[in-house]
Amino acid sequence: EWTMKTSIVFLLCISVFPGFSQGRVVREDETGFAECNVFFPGQVPPEGFTEPFHVKICQQYNKEPRFATLYSTKDKIPLYSAFKFTKPAQSEEENWLVEPQIDDPENDLHEMVHEADIGGTVANLGANQALTSDYVGSGYERGLLNPSLLNEKDFQVATYTLTNAVPLSPALSKSWHRDIGKVVEQALIPHCSKTDHLYLLAGAIPSSVQVKGKVSVPESLWLAACCDAPDGWSLGLVKKISDEDSLADLTVRELEKQLLPGVHLFKGGCGEDKQSQEKREALLQAVSQIRSGEQLILALGTSDNQETKESGLLRRVAGIIATPFIKLLELIIYIFVELVKFVFYFLWLVVKRVVGTILDGICSLCSGMVSYLKAISMVLIRIPYDVGRVIVNIFLGFLQIVRDVMFLTYRILSIPMGFVLHLASFPYHSICAIPSVLKDVATGIGGTFLLVMDATATVLHGFYYLAGHIVKRLVPKGSSDD
């Protein structure tokens with residue numbers, strides 16, 4: 001089983017409100033309920049309530065957190081209140097309060113106050129929350145989501161706030177508080193080994209019907225319980241507004257489907273997937289006994305309203321007479337219900353196994369077809385690519401061949417062309433060299449003639465020098481006069 005998850009992110013520029021003695025207001029897009037996270041399993045609030053008009057309130061009294069509320073400023077009612085069971089005390093006098101910070105975040109009142117004591121100090125009073133005047137003369141009363149009867153003294157005072165109230169008819173309000181009280185005390189508490197690990201969420205689903213065109217009347221009321229002790233379990237209950245005597249049990253996952261898309265009430269489903277069948281059957285049996293007992297008493301004409309001594313005596317006598325028959329009828333009903341449940345459970349297992357096998361085969365077939373189509377698609381996609389690559393390679397090879405042929409032709413033609421050029425240039429270089437040759441010949445002849453002249457002169461000069469030396473040796477010296 002899978003759930004479609006949707007998320008809507010809203011970026012709001014808001015101020016962080018300071019703490020006050022009886023309440024702390026936090027926008028839904030902020031993280032957690034601050035001090036009131038202790039009222040949720042694992043200190044994780046429900047997820048999926050992401051509208052901008054969802055406001056988180058940590059309901060406090062005497063500077064201590066008592067319970068947590070998610071309030072809808074659009075419908076002017078709480079969507080749920082989260083609390084734990086405490087030792088019930090004698091009912092306190094109703095002392096209704098309002099939350100100034102919801103309508104006017106900038107005012108100086110930082111705690112819940114009586115509506116009559118506000119005066120004109122709060123701007124836009126009633127713009128985002130319900131007021132006492134919205135209930136006067138409407139035929140509806142302020143029904144508490146977190147009933148005061150399940151709380152001790154200080155907790156009771158904190159429950160009497162209009163941010164914890166929804167419009168209910170007097171009969172429905174009494175029926176809701178009676179049923180939720182009995183379910184918690186007689187069915188939930190006995191099956192949770194640690195009462196401080198029992199977390200309760202009481203909520204309302206808004207409808208299109210409004211009181212005085214302002215406050216939405218709930219379409220139905222619901223209760224979600226989570227016991228995260230070692231033998232954890234969870235349970236959901238729904239009461240339709242159209243039938244004040246109805247009280248349907250269902251799983252938390254089934255309850256979440258009746259709320260907004262993507263809602264998750266408890267972290268990890270509070271062990272719903274690991275919940276033992278025996279524990280669930282024991283819980284459902286206890287709830288069924290409470291429901292059947294109430295219905296039988298109502299069928300016998302017994303009223304919960306004890307206005308006179310005679311009606312009380314009649315109820316006790318009817319209860320004494322009817323008790324054996326009720327127990328016998330409960331046993332018969334229980335056996336019949338268990339047989340029906342067993343048959344349906346067996347059929348469900350068979351159908352689940354058959355459908356699972358068929359779906360597995362279909363999934364395998366689909367996976368094979370997808371893989372086959374994927375492989376074929378890849379081959380078909382690569383064919384144009386490979387063809388193009390072959391064509392490009394052929395063209396590049398042809399260009400290489402042309403280039404080689406042209407280069408070879410150039411090398412072949414370059415040999416005779418050089419020879420022809422040199423041969424053609426020989427006459428030019430020969431003719432141009434004649435003047436230089438003649439010049440060199442003339443220079444050589446002139447040089448030779450000068451060399452001969454120099455050699456002759458040198459020989460003659462030598463002969464002259466030799467002849468003079470011989471004469472000086474052979475001729476005797478004469479007088480100085482000679």
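Just so you know, glycine gets a Cβ as well, placed from its N, Cα and C.
What TrEMBL says about a protein is an automatic prediction, not a curated fact.
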Of 372-395, 396-419, 444-467, the range TrEMBL labels transmembrane segment: 444-467
Tertiary contacts of the transmembrane segment (444-467) (same chain, 6+ residues out, Cβ under 8 Å): none
Tertiary contacts of the transmembrane segment (331-351), as residues 6+ beyond its ends and Cβ separation under 8 Å: 285, 288, 292
